[in-house]
Amino acid sequence: MDTNLPHAWRALTVATLAFSANFSVWVIYAVLAINIQQQLNLSGVELGVLLSAPMLSGAVLRIPIGLLAEYQSARRLWIVQMLITIPSLVILPFIKSYVGFLWIGLWIGVSGVSFTLGVRYVTDWFASRQQGLALGIFGAGNAGAAISFVAIPFLVQHLSWQWTGPVYAVGLLVMTLIFVFLAPKPPHYITLSSAPWRTHLAPLKELRVWRFSLYYYFVFGSFLALILWLPSYYMRAYEVTFAQAMGFTLFFVATSSMVRALGGWMADRYGGRLVNWAVFWVCLVCLFFLSYPPTTMTIHGLERDVVLSIEVNVWLFTALIFVIGIAQGLGRASVLKVLHTHYPNHMGSVGGVVGALGAVGGFTLPVAFGLVQDLLGINSGAFMVLYAVLAMCMTAMFFAIRKERYQKELAQARANTFYAE
């Protein structure tokens, strides 16, 4: 498609608001988990599993919902998804056990499929040359997490955390009504797929799809994991107050989400691969410093011993996390741009798989963080895990670039008759 459809920007605006509202619900445990941990006296691994529950169901459901969105109206499916999510928020204050919180967390995770439905809905409205920008603006709905980091502490301070679920239920109901009345329906000539479902799953045989999924696992999965992990990390590692921990995390979430539109524009202009490669290098440097645990070394000099202490203080830590958040925001948009470039007719199915595997990071990484923390007994173990994941991403991209360069040179040689089979 060479031009945007009428009402494209209205569709994008309403979709971004709906995604923002759903994302604020999806990460609700990131803030509530601190209260729940104190109430139930949870270990690091138990906390990680609890934080992961909404991420797990949200990730798993993205694949079938993405495929379903190829055949059914993404707009209609989105309305149904929000209506299904609302009761879980109403029930939340009545839960008293750890298992109960896990089950409700899985139910709340239904809100996580809003991303897949939104991508399918938005891409129908915009020209190919503006897909990166449109998806970047839509992806800025990640800033919905900031709603939770502002609203929930306010509710906890003035009422109690048990009010969070009902208040969020009312908010999501209002958003559903706004979406019903303001989100435009795609024109009649935008038809849904009639091809067999195997056609939409065929691209999954390509290694490239799974490589893109690995990239998204880092730029989005680790973003989710950090949203969930940072509040308790700040309070544990730096002994800051609850309000301060929420403020630092809010800063990370807001800045990372707001630059996503810029990432889409950069991907349109300079290419998604170049943006991704730069993002990975920036994150690698920051994670190297964040992974280093507080260390005290004694250097035996000629006349006396010199004690050298190395530690990342709270302000340096926040600065490094800020840089990582900015880089991840750019990377999330550029990965989606690359995905649309290669699979413009399969954004529901392929986008659902990539989005699902990215969201997998939201439930596997917090568990890994808690496990490494319990095993090693150091707070920075979480960033060692992220460093390892990023190393795998960069290795995969390096060999992919080298293979593509070789194939290009081989094709050029054949065209110039320098090589013959």
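Going from the start of the chain as shown, residues are counted 1 onward.
Cβ coordinates come from backbone N, Cα and C, glycine included.
Copied over from TrEMBL, here are the features:
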- 10-405: domain 'Major facilitator superfamily (MFS) profile' (DOMAIN)
- 12-35: transmembrane segment (TRANSMEM)
- 47-65: transmembrane segment (TRANSMEM)
- 77-95: transmembrane segment (TRANSMEM)
- 101-121: transmembrane segment (TRANSMEM)
- 133-155: transmembrane segment (TRANSMEM)
- 167-184: transmembrane segment (TRANSMEM)
- 214-234: transmembrane segment (TRANSMEM)
- 240-262: transmembrane segment (TRANSMEM)
- 274-292: transmembrane segment (TRANSMEM)
- 312-330: transmembrane segment (TRANSMEM)
- 350-372: transmembrane segment (TRANSMEM)
- 378-401: transmembrane segment (TRANSMEM)
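Of the two recorded stretches, the transmembrane segment (274-292) lies close to the transmembrane segment (214-234), with three or more CB pairs under 8 Å once pairs fewer than 6 apart in sequence are set aside. In this chain, the transmembrane segment (12-35) lies apart from the transmembrane segment (378-401): fewer than three C-beta pairs between them fall below 8 angstroms, excluding pairs fewer than 6 positions apart. No contact links the transmembrane segment (240-262) to the transmembrane segment (378-401), because fewer than 3 Cβ pairs that are 6 or more residues apart lie under 8 A.
Comparison of 47-65, 77-95, 214-234, 350-372 by number of C-beta pairs under 8 angstroms to the transmembrane segment (101-121) places 47-65 first. Tertiary proximity for the transmembrane segment (378-401) is limited to same-chain residues at least six positions away from its ends with a CB under 8 Å from its CB atoms, namely 208, 211, 214-215, 217-218, 222, 225, 229, 233, 236-237, 273, 276-277, 280-281, 283-284, 287-288, 290-294, 312, 361, 365, 368-369, 372. Proximity of distant same-chain residues to the transmembrane segment (47-65), defined by a Cβ-Cβ separation under 8 Å and at least 6 residues beyond the stretch ends, is recorded for 26-30, 33, 36-37, 77, 81, 98, 101-102, 105-113, 115-117, 224, 228-229, 232, 352-353, 355-364, 366-371. Remote same-chain partners of the transmembrane segment (312-330), defined as residues 6 or more beyond its termini with a Cβ less than 8 Å from a stretch Cβ, comprise 142, 218-220, 222-223, 226, 230, 234, 237-238, 240, 248, 251-253, 255-260, 262-263, 266, 275, 278-279, 282-283, 286-287, 289-290, 292, 294, 380. Counting Cβ pairs under 8 Å to the transmembrane segment (214-234), the stretch among 77-95, 133-155, 167-184, 350-372 with the most such contacts is 350-372. Counting only same-chain residues 6+ beyond the ends of the transmembrane segment (133-155), those with a CB under 8 A from a CB of the stretch are 8, 12, 15-24, 27-28, 30-32, 118-119, 122-123, 125-126, 161, 163-164, 167, 223, 227, 242-243, 246-247, 249-250, 253-254, 256-258, 260-265, 267-268, 329, 332-333, 336-337, 340. Across the domain 'Major facilitator superfamily (MFS) profile' (10-405), mean pLDDT in this model comes to 80.
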